[in-house]
Amino acid sequence: MLRFTGGEKAPTPGWLLVFFSNMFFGCAGFSIVLPTLWPYLREMQSSTQFLAAVVAAYSVGEGLGGWISGLLYSRFPKHPKRLLQGGMLLGMLAAFSYAVARPFGSVAPYIVLLARFCSGFDNGTRQTIEQTFLASRIPPQHQTTCSSRLASCAITGIMMGPALGAPLQAIDFQLMGVTIDGNNGPGLVLFLVCIANFTVTSFFFSGKGQSYSTQTSSVSINLEDTPPPDPRGLLVCYMVFFGVNVNMASLETVTPVVAQRLYGWGPCLHPAECTFQVSQTYTNGLMSAGGFLSLTMAALMSFFGAHIYRREILVITVSYTVSAMINLGNMDFGGHLPVTRFVGDYLLGAFFGSLARGPGIALLSQVLGPHPSAGYMGVLFMVGALPRVLGPFLFVELLEIPEPMYLAHYRDVYQGLIPRTWLLYGCQAAFFMTVLVLLQTSRSHLAPHPTATGLRQPLLSTPETCVQIGLSPGTPCQVREGISGLKELSRRFGKSLSSLGEQSPQV
């Protein structure tokens, strides 16, 4: 139990640790598959166009999963646990199907396609349900903090996934007549991750408890007499989240192509026939540095997010201004893009690009006020999935349209036309500036819902709400919170074991 300064008590939110675990292992399971996806499909005689369809299928499933689960959560608000378990069971089946698709011959590529779609559906369901539950249990001034902590877990999982999958390249064994090797082994690991997520959620997440809006007020709110959320405010929040994902999709998909064709960075076309050059590792190093900077920003937001409350528009403005400026900087005026400018812009974009994510979600929660947020969150994550579905195709097309000026011959890496970048990055800069203008002209529409004005409550990580667990006075509050959460999880686990023992027949 928590003891607040005012003497009131509230249950320790062990579900936060469950969400952090689900987010980390879910994203690690997602990224562990990516490095071997193309070799796996190449075994099945698939084309690169089919590879693009498989990659896009995950994002399509994620968008639909977010939208459908949001509608279901709105209709069945008392059953978030059942909805999470349903999505996780689908993800479990998808991961197993991915791992055993090879023996099905000509149908195997389509099994992989459907499996990636269902894995995305599971991820979209999980994000929507967990973010909605968090928004209803966490006070508005701390939602940026908690959303950023979830994002930190997600980014860490994405960064560690390929590293965790590297040892799988050495395995080769038979399991129930199916060969498990470096190409489909990640699917088996993803299956085990889904089992772990399902088990942790089943044991340690009840899905019950009061929302923050009812914990401090005895006045019930009749939603029929409550003003609806501002439509323009909702639109701006969706545009902000869409732009965050546009930025991330651009950094992830276009950077390797531009770096390879403009500077000759990247892997050899025929690795067995080329001599190693250190420049072949530059793109990997650049993207690793970008991932580290994204994680750093998410970590900073997770610790200082409470200071952003009621300053969300300012923070989003800073993020979008930087995004617009770096895209302007990547336009090859005069037909040349200096490498130092390209690298500097990429690192700035990786650091500031995700700055608007947490504040954008917190702003949406404030605009919604007491209205059920599940449906709106579902639409939010569906909107966020669109750039990752359409973005790669659109970005490559914008890179090809302008007439090239030069030819390149980078030994063993790339030989051909050097593309112009002014249209690709110019369109992105125009988009970010448009959203900036819309944001500044919609400030009155982004004000907190009238019924939520003045609602402030403490979160566990604030000094006033430290858990009283007998530690020394100098123990940091977040350490106290973590120990208390682990104690609560242990208590629930012991209770679950006791109930199972009582139900088992006596010998």
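Each residue, glycine too, has its Cβ placed from N, Cα and C.
Annotated features in TrEMBL:
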TRANSMEM  12-38  transmembrane segment
DOMAIN    15-444  domain 'Major facilitator superfamily (MFS) profile'
TRANSMEM  50-71  transmembrane segment
TRANSMEM  146-165  transmembrane segment
TRANSMEM  185-205  transmembrane segment
TRANSMEM  286-306  transmembrane segment
TRANSMEM  313-331  transmembrane segment
TRANSMEM  343-364  transmembrane segment
TRANSMEM  376-396  transmembrane segment
TRANSMEM  422-439  transmembrane segment
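Annotation: stretch 50-71 has the most Cβ pairs under 8 Å to the transmembrane segment (12-38), among 50-71, 286-306, 376-396. Counting residues 6+ beyond its ends, the transmembrane segment (50-71) has Cβ neighbours under 8 Å at 30, 37-38, 41, 83, 87, 109, 112-114, 116-125, 127-129, 132, 374-386, 388-389, 392-393 in the same chain. Mean pLDDT for the domain 'Major facilitator superfamily (MFS) profile' (15-444) in this predicted model: 84.
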